[in-house]
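Peer 1: Take this structure first; my questions come after.
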Amino acid sequence: MATELLCLHRPISLTHKLFRNPLPKVIQATPLTLKLRCSVSTENVSFSETETETRRSANYEPNSWDYDYLLSSDTDESIEVHKDKAKKLEAEVRREINNEKAEFLTLLELIDNVQRLGLGYRFESDIRRALDRFVSSGGFDGVTKTSLHGTALSFRLLRQHGFEVSQEAFSGFKDQNGNFLENLKEDIKAILSLYEASFLALEGENILDEAKVFAISHLKELSEEKIGKELAEQVSHALELPLHRRTQRLEAVWSIEAYRKKEDANQVLLELAILDYNMIQSVYQRDLRETSRWWRRVGLATKLHFARDRLIESFYWAVGVAFEPQYSDCRNSVAKMFSFVTIIDDIYDVYGTLDELELFTDAVERWDVNAINDLPDYMKLCFLALYNTINEIAYDNLKDKGENILPYLTKAWADLCNAFLQEAKWLYNKSTPTFDDYFGNAWKSSSGPLQLIFAYFAVVQNIKKEEIENLQKYHDIISRPSHIFRLCNDLASASAEIARGETANSVSCYMRTKGISEELATESVMNLIDETWKKMNKEKLGGSLFAKPFVETAINLARQSHCTYHNGDAHTSPDELTRKRVLSVITEPILPFER
């Protein structure tokens, strides 16, 4: 009863009034909704008063989304209505990309706009053919002799699409002392292009490292008074996070709004971008309805009051990992797993005793439903929900693709729980591991490997034995995005974790291991992120063991990590900016195009 009274005093009405599209009527919270969100049923889950009093609490923010509202719309009809119009516009854009008479720089800028506006997935083969034509006809050599903007733009696009191009292309823009020419800074468009290209660097490419420093130093000196509002917005946007590290859907909505302000905007391209964005958003809404119904049916959020309920944030994360409309299965699978990860992480980090955590880890390793008999009640619910969900995913894969993936899914979960358990032991022992010991475990506890293994089986149609073997060994395409996931997470959450008494974090471990200040440790972690990106960039240059769709999915996980943790831990404590982003991607369509 005490728990119910405490929760009912919270301003519940806020969760129904904030962070969603405004409606012409006020939606009132029903008593049932209040009870589900704020109380723990003692009929099915029993905790003794002693246990409740001695358990830790992280005081996480409650869920602030209205599932009833999110589930209310029917979007399938709107998708069908716009398909024919989109096909006609797509055909017009395709003709422009395939125009062999177009000047190369004009073609490159068209491709760049297509990708920024979120349309790249529609024109993958066309873009590849255009770039093949550009390279085979000597276009790259010609562009590098004319302008820095053309050189940087073509370099970035070619590397994005797996072409091997040398950093030496930028040597012609340096003086006899090896410094970039000072007069280049007068061309802001060129400096922006150089800045974006520098983030496609590989290990040891010093020219690109120097290019990044040069570009950043000059871009930071610019002011709106000097370059105008439109260009200043582009510079600010780029400096916040480079294009190569941005999530596709957020970049699309930003680029559409920026592009529609241009006087020379390609109106056909703009109309297609808006139409496509809204159509894909309708697919997301359909996916979210399915995932939300599953989450409500599972009911963990209403039973485990100590844990974070982050289904919407998890689905938003999944959109960042696999945005293309055809990957609904991947989005639903990743969203479900991240929702489970969030709750189980709270069991290990906050609520469970060490003995209980060892029992839960053993149950996951055994993957035997009878193991629930050894678990406390709150863990029984969690384990059985996890057990049923993963078995269902494995069954669907066996039915649709003829492959038994259950051993790979359960191993991924066992590895994750063992990583969680190790962190719990450090916490209970109040010990701070060395950075190497910590990080060797922490990139696995990020849940990146688990998410990517589930994503692999959802994205890849023809499952190959060699790929599965490398997945189990946590191939670089699994580990490196997970490294970035962990490092970004740790940068965002270090202060809160230290306040809770958790001593294992990349920053704190680096401070202790190297004997340096928090400021220097933070800088070192940021440098590690940059170096990891250089290693990961190599996967885009062809020759990867894995097919391009999965490589992009894995890299997208790193991008979503930047998005989620760039301004704090937006998964644990979603702020208004995060909620606006979620709405813009999932529920708020872009205003229609007007000629």
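Easy rule for this one: first residue shown is 1, then count along the chain.
Heads up, the Cβ atoms here are built off N, Cα and C, so glycines get one too.
Per Swiss-Prot, the features are:
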| type | residues | note |
| --- | --- | --- |
| TRANSIT | 1-37 | transit peptide |
| BINDING | Asp345, Asp349 | Mg(2+) 1 binding site |
| BINDING | Asp345, Asp349 | Mg(2+) 2 binding site |
| BINDING | Asp345, Glu423, Arg486, Asn489 | dimethylallyl diphosphate binding site |
| MOTIF | 345-349 | motif 'DDXXD motif' |
| BINDING | Asn489, Ser493, Glu497 | Mg(2+) 3 binding site |
Peer 1: How many other Cβ atoms are found within 10 Å of the Cβ atom of Asp349 (Mg(2+) 1 binding site), counting all protein chains shown?
Peer 2: 20
Peer 1: List only the single closest residue to Asn489 (dimethylallyl diphosphate binding site), chosen from the binding-site residues Asp345, Asp349, Glu497 by CA-CA distance.
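Peer 2: For Asn489 (dimethylallyl diphosphate binding site), the closest Cα among Asp345, Asp349, Glu497 is found at Glu497.
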Peer 1: Among the binding-site residues Asn489, Ser493, point out the residue whose Cβ has the most other Cβ atoms within 10 Å, with all shown protein chains included in the count.
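Peer 2: Per the Cβ count within 10 Å, the most buried is Asn489.
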Peer 1: Could you measure between Asp349 (Mg(2+) 1 binding site) and Glu423 (dimethylallyl diphosphate binding site) for me? Cα positions, answer in whole angstrom.
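Peer 2: Asp349 (Mg(2+) 1 binding site) and Glu423 (dimethylallyl diphosphate binding site) have their Cα atoms 8 Å apart.
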Peer 1: Output, ordered by sequence, the same-chain residues six or more apart from Glu497 (Mg(2+) 3 binding site) with a CB under 8 Å from its CB, or 'none'.
Peer 2: Asn505
Peer 1: If the dimethylallyl diphosphate site is taken as the center of the Cβ atoms of Asp345, Glu423, Arg486, Asn489, which further residues of that chain fall within 8 Å of it by their Cβ?
Peer 2: Ala442, Ser445, Ser446, Ser447, Asp490
Peer 1: Out of Asp345, Glu423, Arg486, point to the one nearest Ser493 (Mg(2+) 3 binding site) in space (Cα versus Cα); all of them are binding-site residues in the record.
Peer 2: Arg486
Peer 1: Cα-Cα separation of Arg486 (dimethylallyl diphosphate binding site) and Asp345 (Mg(2+) 1 binding site), in Å?
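Peer 2: Approximately 14 Å lies between the Cα of Arg486 (dimethylallyl diphosphate binding site) and that of Asp345 (Mg(2+) 1 binding site).
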Peer 1: What count of other C-beta atoms do you get within 10 angstroms of the C-beta of Arg486 (dimethylallyl diphosphate binding site), across all chains shown?
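Peer 2: Taking all protein chains shown, Arg486 (dimethylallyl diphosphate binding site) has 26 Cβ neighbours within 10 Å.
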Peer 1: Restricting to the motif 'DDXXD motif' (345-349), what is the model's mean pLDDT?
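Peer 2: For the motif 'DDXXD motif' (345-349), the model's average pLDDT rounds to 95.
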Peer 1: To the nearest whole angstrom, what is the C-alpha distance linking Asp345 (Mg(2+) 1 binding site) and Glu423 (dimethylallyl diphosphate binding site)?
Peer 2: 10
Peer 1: Around the C-beta of Asp345 (Mg(2+) 1 binding site), how many further C-beta atoms are within 10 angstroms, looking at every protein chain?
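Peer 2: Excluding its own Cβ, the number within 10 Å is 19.
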